[in-house]
Amino acid sequence: MTATLERRESANLWGRFCEFITSTENRLYIGWFGVIMIPCLLTAISVYIIAFVAAPPVDIDGIREPVSGSLLYGNNIISGSVIPMSNAIGLHFYPIWEAASLDEWLYNGGPYLMVVCHFLLGIACYMGREWELSFRLGMRPWIAVAYSAPVAAATAVFLIYPIGQGSFSDGMPLGISGTFNFMIVFQAEHNILMHPFHMLGVAGVFGGSLFSAMHGSLVTSSLIRETTENESANAGYKFGQEEETYNIVAAHGYFGRLIFQYASFNNSRSLHFFLAVWPVVGIWFTAMGISTMAFNLNGFNFNQSVVDSQGRVINTWADIINRANLGMEVMHERNAHNFPLDLASVEAPAVNG
């Protein structure tokens, strides 16, 4: 009898837990994805803050030359970062218990992998949680689909790229100057500026910013006048009011006259679909570009494409970029390589005699 009561109480407790987790009445929706998301993101944030403040230098290149990244080891907010894992570890899974000691784990950059793994799982679950809440409220799933763009971009730089390059040491450092270093080295090794998918991503991000500013300014300017022409149009409104304050027909008429008629949307759903799709598709393409360049399918190479009638090279901007790439490649990991990879890979000429 006692066992039966205990089982009932246990089942009742589990039922109440399930109800709490899936309730849309909570101030913050948790959801089943949230059960995984919350501990993962808390772990990633905690380890990141501790490592950014106090982690010892990391042997990122695997050549016994540690690089300092934390505030307590001489960095500031701009120069500091969580340094990627050592090249000596490669792609091995490297939790704390795989190291001989905590000092070894820190020296080889273990915190980086810990942050990245928990962060990627956390943001993936955040995306799932967006879908889950939409489902429970009877909404369509496009919020989660839109969020998949930054999730894909983060996965590309933190996971796909290191896998393609053979080492987590090639992942993006977790800091401001580290991000810039990653971008410069990426350009040097993969010529990303000449990759069409990156160009589409730039169009998506900059275009999305432009369209967002245009839409917001147009909506806030197209007021339905509630006052006479002798008063300010703003006098008929209070901040944060629930009633609609703008007239899409007026906005359509204004914009159609500013550019031309068919450059303007007269359908609110079409307009907002466009505003969502433009940046999302652009960032999807960038993530795909990073993922292909991870396996060295690089940007276009138009070096020395133009020659005169005597066969002499006439430099184009492609040649200028190539020269900059070689300079950047020479400078990075300068003690790990005797030559840039582009120069070292060329077969040496035969010597007669």
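Yeah, the Cβs are placed from backbone N, Cα and C, and that goes for glycine too.
Sequence annotations record features per position, and here Swiss-Prot assigns chlorophyll a ChlzD1 binding site to His118 based on sequence analysis. Annotation note: His118 (chlorophyll a ChlzD1 binding site) sits in a helical segment as assigned by DSSP.
Around the Cβ of Tyr126 (pheophytin a binding site), the same chain contributes Phe33, Met37, Leu41, Tyr147, each under 8 angstroms and 6 or more positions distant in sequence. Under the heading pheophytin a binding site, Swiss-Prot lists Tyr126.
The Cβ of His332 ([CaMn4O5] cluster binding site) lies under 8 Å from the Cβ of Asn181, Ile184, Val185, Ala188, each of these being in the same chain and 6 or more residues away along the sequence. Taken from Swiss-Prot, the feature [CaMn4O5] cluster binding site applies to Asp170, Glu189, His332, Glu333, Asp342, Ala344, supported by sequence analysis.
The annotation chlorophyll a PD1 binding site is assigned in Swiss-Prot to His198. When Cβ atoms from all protein chains are considered, those within 10 Å of His198 (chlorophyll a PD1 binding site) total 22, not counting its own.
Non-local neighbourhood of His215 (quinone binding site): Leu271, Leu275, each in the same chain, at least six residues away, with C-beta under 8 Å from its C-beta. Sequence annotations record features per position, and here Swiss-Prot assigns quinone binding site to His215, Ser264, Phe265 based on sequence analysis.
Under the heading Fe cation binding site, Swiss-Prot lists His215, His272. Taking Cβ-Cβ distances under 8 Å and a sequence gap of 6 or more within the same chain, His272 (Fe cation binding site) has no neighbours at all. The DSSP secondary structure for His272 (Fe cation binding site) is helix.
Here Swiss-Prot flags Thr2 as phosphothreonine, drawing on sequence analysis.
According to Swiss-Prot, the site 'Tyrosine radical intermediate' annotation covers Tyr161, on the basis of sequence analysis. If you take the C-beta of Tyr161 (site 'Tyrosine radical intermediate') and look for same-chain residues 6 or more apart in sequence within under 8 angstroms, you find Asp170, Gly171, Met172, Ile290, Ser291, Met293, Ala294.
Feature annotation from Swiss-Prot assigns site 'Stabilizes free radical intermediate' to His190. DSSP classifies His190 (site 'Stabilizes free radical intermediate') as helix under the three-state reduction.
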Worksheet item: Roughly how many Å separate the Cα of Glu333 ([CaMn4O5] cluster binding site) from that of His190 (site 'Stabilizes free radical intermediate'), to the nearest whole number?
Response: 16
Response to the item:
Excluding His215, Ser264, Phe265 themselves, the quinone site's Cβ centre has within 8 Å the residues Met214, Leu218, Ala251, His252, Phe255, Asn266, Leu271, Phe274
Worksheet entry | Cβ contacts of His118 (chlorophyll a ChlzD1 binding site) (under 8 Å, same chain, 6 or more positions away) | Cys40, Leu41, Thr43, Ala44, Val47
Item to complete: State which of the following binding-site residues has the fewest other Cβ atoms within 10 Å around its Cβ: Asp170, Glu189, Glu333.
Response: Glu333
